[in-house]
Amino acid sequence: MTKYIFVTGGVVSSLGKGITAASLGRLLKNRGLSVTIQKFDPYINVDPGTMSPYQHGEVFVTQDGAETDLDLGHYERFIDINLNKYSNITTGKVYSSVIRKERRGDYLGGTVQVIPHITNEIKDQVFRAGEATGADVVITEIGGTVGDIESLPFLEAIRQIKSDVGRDSVMYVHCTLVPYIKAAGEMKTKPTQHSVKELRSLGIQPDAIVLRTEMAISKDMKEKIALFCDIDDKSVIEMRDADTLYQVPIALQEEKLDQITCNHFGLDCPEADMEEWKGLVNKVRNLSKTTHIGLVGKYVELPDAYLSVVESLKHAGYDYDTDVKIHWINSELLSEEQIKEELSKVDGVLVPGGFGDRGIDGKIEAIRYARENNIPFFGICLGMQLASVEFARNVVGLSQAHSAEINPHTPHPVIDLLPEQKDIEDLGGTLRLGAYPCKLVDGTKAKEAYDGADVIEERHRHRYEFNNVYRDQMAEKGFVFSGTSPDGRLVETIEVKDHPWFVACQFHPEFTSRPTRAQSLFKGFIGASVDYRKG
């Protein structure tokens, strides 16, 4: 029978609930259990697809094309699984589903209420996550903080699930903060006590409490928390700040959270073999070289907007014993002199995905500088589109070439709308989303990066595409179309001939990178950047 773990948070946000949930998932997977994981977000947006990166950070795209919370990236990277559309549920999505059912008459004229209709819909989403994957364990993170009005329907739903499936099949893990008061020279447990009291007032008794802390927590303090929160002191778990995220699963194993979980469910599972993971942590802590990458974007004040890109660069660095240092370069503020000054300091240039016209000229000029000065360049999604525009302008001679997204009246729309996108009016959920195959061309850097694979599969999130009207004209000047859709219609990867490493792709390879298995194009890019640094 499927087991359900619910991870809640108290006191403050950004405690690391997502990392805790992902780490526990990794430990249980390494014990031989199949695991899936999901996140409930209490905001009323249907999904984060149309939200500003300043508000929400990056949008993580799943294999089946769902636009989701960035925590799903942590889940996939830690547990090494592919998630799906059931893995991120928002209040907006729940209410949309219930309202559609009401309009269809599914409720037979009854009054539609938060309880039972909204809570039943939430419970259905939990159960679907398990049914879709056949997982032994479903881990659900509840976004927000206990006490928030927005989270109440979710907390009520997970309270009810204990009655639906039996108390032996449900476990509640509560994450809280134990602050250190510098003036008093001591840590305080009161916030944790009050947070658990609030949770218990909603009918949920935590089975384990994870304490986020800067310093070691004494046995006496654990016993005090256990006493006031009515929990076994062995189930009070210390989670100290770590120098790398990938240390957290090891720390939680040392605190025996996975064993406590197995005991709670009555599961007899072998000890989790974490030797490979410990090797990863040891490697991360002892990198001997440094490579500098210039990331040119418009959301550089908020690194979470490019979280998966940053993690993928780091993963690739691990394979080269290299610590990747990122230089955040704001494309809106780049003058010609600044481009030379900033990019002369780096070993590689990356232009990631994005939307809109802000900062476009700075990105195009950065791409030109990388191309003309033989600096390794990697473009992703918008980065590929702008690399095409730059080449069309400065090599082919189409000085007014542009993307139709940025300038709908350009005489040379090198980048244009996909035909199926031309009559779409809604922004949300209407992009080309999810995993699609790409056929690679022999003798190209893209095919070399993928170890000679003929066809690869990567995730997409875009509305515009390379305009095939310009394909022959650009190919004649050394623009290489190294990957296309299997039917040859859509351009997926491009390169520049006779450049040490100038590769760009329409898809988002950052979504498939793993800490123990770097994504192929990122690995190729960092390898080229390491070589560039050597001179």
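Even glycines carry a Cβ here, placed using N, Cα and C.
Under the heading region 'Amidoligase domain', Swiss-Prot lists 1-267.
The number of other CB atoms found within 10 A of the CB of Pro191 (UTP binding site), across every protein chain shown, is 15. Look at Swiss-Prot and you will find Ser13, Lys188, Thr189, Lys190, Pro191, Thr192, Gln193, Lys224 tagged as UTP binding site.
Around Thr189 (UTP binding site), a 10 Å sphere centred on its CB holds 19 further CB atoms from the protein chains shown. Taken from Swiss-Prot, the feature CTP binding site applies to Ser13, Asp148, Ile149, Glu150, Lys188, Thr189, Lys190, Pro191, Thr192, Gln193, Lys224.
Contacts of Asp71 (ATP binding site) defined by a Cβ separation under 8 A and a same-chain sequence distance of 6+ are given as Gly18, Ala22, Lys39, Phe60, Glu141, in order along the sequence. Look at Swiss-Prot and you will find Ser14, Leu15, Gly16, Lys17, Gly18, Ile19, Asp71, Arg240, Asp241, Ala242 tagged as ATP binding site, backed by sequence analysis.
Residues or ranges marked as L-glutamine binding site by Swiss-Prot on the basis of sequence analysis: Tyr54, Gly354, Leu382, Gly383, Met384, Gln385, Glu405, Arg463. Proximity of Gln385 (L-glutamine binding site) to non-local residues of its own chain (separation of 6 or more, Cβ distance below 8 Å) is seen for Gly379, Ser403, Glu405, Val414, Ile415, Tyr464, Phe466, Gln506, given in sequence order.
DSSP assigns Glu141 (Mg(2+) binding site) to a strand. Summarising the annotation, Swiss-Prot assigns Mg(2+) binding site to Asp71, Glu141 and lists sequence analysis as the type of evidence.
Marked as domain 'Glutamine amidotransferase type-1' by Swiss-Prot: 292-535.
Taking Cβ-Cβ distances under 8 Å and a sequence gap of 6 or more within the same chain, the neighbours of Cys381 (active site, nucleophile) are Pro352, Gly353, Gly354, Arg461, His462, Cys505, Gln506, Phe507, His508. A coil conformation is recorded for Cys381 (active site, nucleophile) in the three-state DSSP classification, outside any helix or strand. Residues or ranges marked as active site, nucleophile in Swiss-Prot (evidence: sequence analysis): Cys381.
Taken from Swiss-Prot, the feature active site applies to His508 (among others), supported by sequence analysis. Classification of His508 (active site) by DSSP places it in coil, neither helical nor stranded.
Around the Cβ of Glu510 (active site), the number of neighbouring Cβ atoms within 10 Å comes to 28. The annotation active site is assigned in Swiss-Prot to Glu510 (among others) on the grounds of sequence analysis.
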Three-class DSSP secondary structure - Gly354 (L-glutamine binding site): coil
The region 'Amidoligase domain' (1-267) [mean pLDDT, rounded to integer]: 94
Among Ile149, Leu382, Met384 [binding-site residues], residue with fewest other Cβ within 10 Å: Ile149
Pro191 (UTP binding site) to Asp241 (ATP binding site) - Cα separation in whole Å: 18
Other CB atoms within 10 A, centred on Lys188 (UTP binding site): 14
